[in-house]
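Let me begin by presenting the structure, written as structure tokens, before commenting on it.
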Amino acid sequence: MNIMDFNVKKLAADAGTFLSRAVQFTEEKLGQAEKTELDAHLENLLSKAECTKIWTEKIMKQTEVLLQPNPNARIEEFVYEKLDRKAPSRINNPELLGQYMIDAGTEFGPGTAYGNALIKCGETQKRIGTADRELIQTSALNFLTPLRNFIEGDYKTIAKERKLLQNKRLDLDAAKTRLKKAKAAETRSSQLNSARLEGDNIMVNFSYMLNFLHVKWLKIWAEEVTKSEQELRITQSEFDRQAEITRLLLEGISSTHAHHLRCLNDFVEAQMTYYAQCYQYMLDLQKQLGSFPSNYLSNNNQTSGTPVPSTLSNAVGSSAMASTSGLGITSPSNVTDLKESSGSRKARVLYDYDAANSTELSLLADEVISVFSVVGMDSDWLMGERGNQKGKVPITYLELLN
């Protein structure tokens, strides 16, 4: 029963405090009550914290979009994170493109120039996909996680203490208002006419009663003033204490900025590593594609009618010119002459080739073999000979030597 009485009293006190704050807040909005202003330093810290929170949220959300453009995938990762479970591994776009290229190259035949090029491009795309996965993991750990910890941890604590400071300020201003009203009422009661009246007994008795009530009234308002002054001292002390706590928390925003700066450096380094890897992968791929014989590129242009991009054609052209000056690569007319003649020529193998069947000859990069034409053979193939090994070899894998 005592516990129930205590709970009822506490509930009534809390309701009274809430009502007092609501009245004070409403009167402030209507301009009917005075408001205690925070000092300029604290206001500046509050503004800085709010600004940090807003921009941190925007940067964090846009970074998530950058690293994972698929909104459905982001939602799935968010759900798994809230469930404290690891999201299932999924193939990313570069890896998927790479797999398609490899499958297509295998279907067209690794022995064909286009099939071999597709396979090489697919392998490069898969390496880029792996680098992309590493970028996401590193960025999430070193950049996104600290930002999220600030929003969901430090700033929530700041917001909680800031709300408590607002309540303490309302309590303080409500106490000031009550004290002001009590003093005004005390002044009015002290100004009442308490002069003793002369006359018959009835008037004398009435005057005596008025004096008695006047004394009681003064005593009541004197007690109310004393109570209000004591309440004001308590609320002022609580407000000052909460303001100091809030100020100490807000001054930590500078440390938060320094920490986020270190995280930003980690994010930039992760991006730099990623783009450097991608550049190197594509540079290697360009060199591999540039090692195709120039007659293949020219035949490809004539057949398809599609121009080769200028950057690739320049790279291929310079590579072909450099190799021509050193090794004396033959032009397409030389290949035609070889097919029309009955003799054999020496040729250098550009890169490895695995024979698809027993009628073909496997090749090793940089080896020199003898080649000759056979009547009725496909125009893209020659007959190759290495010692007592003989078989068909693709022209695009060879450099005919003078």
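Quick reminder: no glycine exception, Cβ is built from N, Cα and C everywhere.
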Which one of 18-45, 46-73, 74-101, 158-185 shows up in TrEMBL as coiled coil? 158-185
Let me know the model's mean pLDDT on the domain 'SH3' (342-402). 87
Are there residues at least six beyond either end of the coiled coil (158-185) with Cβ under 8 Å to its Cβ atoms? List them, or say none. 17, 20-21, 23-25, 27-28, 33-36, 38, 46, 49, 221, 224-225, 227-229, 231-232, 234-236, 238-239, 242-243, 245-246, 249-250
